[in-house]
Amino acid sequence: MRLLERMRKEWFMIGIVLAIAGAKLEPSIGVNGGPLKPEITVSYIAVATIFFNSGLSLKTEELTSALVHIKLHLFIQIFTLAFFPATIWLFLQLLSITPINEWLLKGLQTVGCMPPPVSSAVILTKAVGGNEAAAIFNSAFGSFLGIVITPLLLLLFLGSSSSVPFTSIFSQLFMTVVVPLIIGQIVRRYIKDWLERKKPPFGAISSSVLLMIIYTTFCDTFSNPNIDLDKFSLILILFIIFSIQLSFMLLTFLFSTRNNSGFTPADTVAIIFCSTHKSLTLGIPMLKIVFAGHEHLSLISVPLLIYHPVQILLGSVLVPTIKSWMVSRQKILSSSEHHVVLSYRE
């Protein structure tokens, strides 16, 4: 199963490259008004498909056991949806005086506003042996919160550069995100046994639809002769994203392992991944809605497209190290508890 998941992620990365290359070669197919009609097929049908698929695949019954860890959930959600975007905003005040492309910097801010992903944080937490139930709950709950909070954060930090009014943005989000998600959950109740037996390829379906969204987004870019992306800015953004991820992973580790934090080593693993990972599946469709018609939409999307593979790569590389730390820490705690019990008996 892990091998299949790894292969799917690798093919998805290749798919992103091919989608961008295809948009560069023939942008006229995916532009607004083109043969694909992305103003309908992407803005409504594709986005709704992704979230119906999420609703259908989300095992809500697995989340109930994690509900009692209120402190853990508060830490992850506040870090992800408040501390993260606010810190990025402060950091960007310094970067604004550099020659880095301003739309890539705006894209970095959008990364900070995104909720946690439903898949990668859970998969990595499970690979380490951390608190998987907490990771599942916070990834799912964060996605639900993101439906409301992420657009608000985007409008707060960046403003909507399109002609779409505030009420229209949320009505479209409600119809293409919330409603399909709820319908998916309702349908799941009736066909749960069939889903458990057949195990449909939910990940492959969402990935395929997401590649279509990425393709049409870049078609708009490459059809616009006024957009020019310099390699210097791109390399710097890549370096900054690596630095941000490592810094925030270290920060969450230090916070969650300090004395009297109340978190177990397994909780810390879930915190590290859930607090620092960002959702591409939710993010790209939301950017498409909030910045509909914006000529620099694809440049704004670039940091999120980079952040996604970087978080998987970094997480995968760090799995053995984090697992080794967790196991040794659990042994120390177990040994300490054993000594306390013996002392009490004596």
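Here the Cβ of each residue, glycine as well, is placed from N, Cα and C on the backbone.
Note that TrEMBL annotation is computational and uncurated.
Remember, predicted model here, so these are calculated numbers, not experimental data.
Marked as transmembrane segment by TrEMBL: 41-58 (among others). Tertiary neighbourhood of the transmembrane segment (41-58): same-chain residues 118, 140, 143, 172, 175-188, 195, 200, 202, 205-206, 209-210, 212-213, 216, 281, 285, 288-289, 292, selected by CB-CB distance under 8 Å and a gap of 6+ residues from either end.
Residues annotated as transmembrane segment in TrEMBL: 70-91 (among others).
Residues or ranges marked as transmembrane segment by TrEMBL: 103-124 (among others).
Look at TrEMBL and you will find 136-157 (among others) tagged as transmembrane segment.
Sequence-remote contacts of a segment are chain residues at least 6 beyond its ends whose Cβ falls under 8 Å from one of its Cβ atoms, and for the transmembrane segment (169-190) they are 43-44, 47-58, 60, 144, 147, 151, 155, 160, 282, 285-286, 289-290. Residues or ranges marked as transmembrane segment by TrEMBL: 169-190 (among others).
The annotation transmembrane segment is assigned in TrEMBL to 202-223 (among others).
The transmembrane segment annotation in TrEMBL covers 235-256 (among others).
The annotation transmembrane segment is assigned in TrEMBL to 268-291 (among others). The list of residues near the transmembrane segment (268-291) in space but at least 6 beyond its ends in sequence, with Cβ under 8 angstroms from a Cβ of it, reads 42-43, 46-47, 50, 54, 72, 75-76, 79-80, 84, 110-111, 114-121, 124-125, 128-132, 134-135, 138-139, 142-143, 146-147, 150-151, 154-155, 160-162, 164, 169, 172-173, 176-177, 206, 210, 213-214, 217, 245, 248-249, 252-253, 255-257, 297, 300-301, 304-305, 307-308, 311, 315, 322, 326.
The transmembrane segment feature in TrEMBL is assigned to 297-319 (among others).
With a threshold of 8 Å between CB atoms, the same-chain residues lying at least 6 positions outside the transmembrane segment (103-124) that come near it are 5, 54, 58, 76, 80-81, 84-85, 87-89, 92, 95-96, 132, 135-136, 138-140, 142-143, 145-146, 149-150, 153-154, 157-158, 203, 229, 233-234, 237, 240-241, 270, 273-275, 277-283, 286-287, 296, 299-304, 307, 311-312, 315-316, 319. Panel annotation: around the transmembrane segment (297-319), residues 9, 13, 16, 101, 103-104, 106-108, 110-111, 114, 120, 124, 127-128, 214, 217-218, 220-221, 227, 229, 234, 237-238, 241-242, 245-246, 249, 273, 276-278, 280, 283-284, 287-288, 291 of the same chain, lying at least six beyond its termini, place a Cβ under 8 Å from a Cβ of the stretch. Counting residues 6+ beyond its ends, the transmembrane segment (235-256) has Cβ neighbours under 8 Å at 75, 79, 84, 88, 91, 95, 98, 100, 104, 107-108, 111, 263, 267-268, 271-272, 275-276, 302-303, 306-307, 310-311, 314, 318 in the same chain. Note on the transmembrane segment (202-223): residues 5, 8, 11-12, 15-16, 19-20, 22-24, 27-32, 34, 36, 38, 41-42, 46-47, 49-50, 53-54, 56-57, 119, 280-281, 284-285, 288, 295, 297-299, 301, 305 of its chain, located 6 or more positions outside it, place their CB under 8 angstroms from a CB of the stretch.
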